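Just below is one structure, and these are the notes that go with it.
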Amino acid sequence: MRTLQVELGERSYPIYIGAGILDSIGTLSAKHGISRKSPHLIVTDDKVAPHYLSQVEEQLKSEGYTVISHIVPSGESSKSLQVYEEVMTTAINGKLDRSSAVFALGGGVVGDLAGFVAATYMRGVTFVQIPTTILAHDSSVGGKVAVNHPLAKNMIGAFHQPVMVVYDVNTLASLPPREVSSGLAEMVKHGLILDRDFAYWCRDNGEKLLSLDPETLIYGLERGCAIKANVVSQDEREGGLRAILNLGHTIGHAIEAVGGYGRFLHGEAIAIGMAGSARLAELLGRSADLHHETVSMLKAVNLPVTLPEDVSVERIMEAMQHDKKFTEGQMVFIVPEAVGSVAIVKDVPVEAVRSVVEQLKGEG
Ligand SMILES: NC(=O)c1ccc[n+]([C@@H]2O[C@H](COP(=O)([O-])OP(=O)(O)OC[C@H]3O[C@@H](n4cnc5c(N)ncnc54)[C@H](O)[C@@H]3O)[C@@H](O)[C@H]2O)c1
Ligand SMILES: O=C(O)C(=O)C[C@@H](O)[C@H](O)[C@H](O)COP(=O)(O)O
Ligand SMILES: [Zn+2]
């Protein structure tokens with residue numbers, strides 16, 4: 001087992017990464033001071049539960065913990081206020097108290113939903129992340145938790161850090177190929193924003209990553225987590241720097257919303273968004289040839305880089321107005337300047353953005 005640390009003063013926490021470490025969840029919970037006198041809640045989804053829920057329940061029980069579980073339908077539609085209320089009802093009926101913990105067992109959907117429950121139940125209880133997707137190397141780190149509004153992604157949320165992240169890479173073996181690619185979008189993003197060598201490493205190792213070669217995958221997840229942890233440690237609440245983690249997300253979140261939170265996976269939408277950001281960089285004269293490089297990296301892990309013909313440019317433009325980075329009437333974009341380096345650009349002309357979205361429906 002390897003340990004990375006997210007440095008956040010008194011809210012610092014470890015990311016444990018290893019093969020088979022779900023079997024240590026009970027002992028790790030005890031190590032992190034989780035009470036044996038209060039009941040705890042595991043939140044998971046109906047695709048993850050058949051694989052891993054009983055293992056986690058048994059593990060915690062064998063260490064003397066009392067746990068109840070809530071299984072939500074898999075998929076982005078569970079990041080809703082309705083499902084949030086249902087999980088809250090389970091927590092209240094289960095008599096969780098202020099010393100209780102909420103464990104998120106699953107991908108980013110379960111992590112964001114369960115984290116928002118943990119952030120708000122009795123105004124905040126202990127939160128543990130047990131990620132089971134590649135994408136969750138990003139979502140389980142950093143404490144952004146939220147549910148969606150039909151009009152805009154992650155609109156109802158909080159910052160609530162976990163006390164630990166327990167990342168058992170063995171769980172990734174059951175991921176469907178489309179989810180593997182979706183998760184790799186955030187890994188490529190981590191290279192594109194801050195680490196040129198890592199971005200090219202992802203491209204060169206695309207085949208091995210797609211086939212879940214253990215050594216390659218663990219290196220990629222560790223490097224991705226380390227880049228994310230480093231940014232979060234410098235700017236926990238996105239006062240400035242943290243916004244770079246949003247590369248591709250302004251267009252990507254709009255694509256997800258217009259697709260009804262289900263047509264496009266998060267990683268697919270931000271892959272298209274990253275291709276768009278590279279086009280924007282070229283249009284704004286900030287770099288040449290970045291689109292070609294970005295697209296080659298995304299294609300190496302089977303990600304889409306164009307929008308289907310039937311998606312309305314106007315609806316994308318409309319949905320984009322809700323981007324959380326936009327303030328005081330200014331469109332703010334994370335614009336790549338070179339592979340491994342991005343800028344936060346304010347007041348991007350709306351016509352430039354529209355032109356990029358239109359191009360995404362063409363050859364990308
Ligand atoms: N909080 C953050 O910082 C942050 C960062 C990135 C993404 N996100 C959010 O994360 C979400 C996407 O996360 P995701 O891609 O993990 O989606 P997800 O949680 O929906 O998981 C993807 C799919 O894989 C299934 N699954 C999960 N683990 C599995 C396993 N081990 N074996 C088999 N099937 C498994 C799930 O049931 C689901 O169908 C989006 O809502 C996105 O907004 C949040
Ligand atoms: O952690 C962050 O900060 C990110 O931007 C990571 C993103 O990958 C993630 O999708 C995040 O949930 C987006 O946050 P939002 O504030 O744009 O909703
Ligand atoms: Zn993301």
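Every residue, even glycine, has its Cβ placed from backbone N, Cα and C.
What you see is a predicted model, and the numbers here were worked out from it, not measured in a lab.
Taken from TrEMBL, the feature domain '3-dehydroquinate synthase N-terminal' covers 71-181.
Per TrEMBL, NAD(+) binding site is recorded for 74-79, 108-112, 132-133, Lys144, Lys153. Around Asp112 (NAD(+) binding site), a 10 Å sphere centred on its CB holds 24 further CB atoms from the protein chains shown.
What TrEMBL records for 183-325 is domain '3-dehydroquinate synthase C-terminal'.
A simple way to gauge crowding: the CB of Glu186 (Zn(2+) binding site) has 25 other CB atoms within 10 angstroms, across all the protein chains here. Per TrEMBL, the feature Zn(2+) binding site maps to Glu186, His249, His266.
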Alpha-carbon distance [His266 (Zn(2+) binding site); Ser74 (NAD(+) binding site)] in Å: 14
In sequence order, those binding-site residues of Ser78, His249, His266 whose CB lies under 6 Å from ligand 1: His266
Can you tell which of Ser74, Ser78, Thr133 has the least company, meaning the fewest other C-beta atoms within 10 angstroms of its C-beta, among these binding-site residues? Ser74
Compute the C-alpha separation of His249 (Zn(2+) binding site) from Gly108 (NAD(+) binding site), stating it in Å without decimals. 15
Collapsed DSSP category at His249 (Zn(2+) binding site): helix
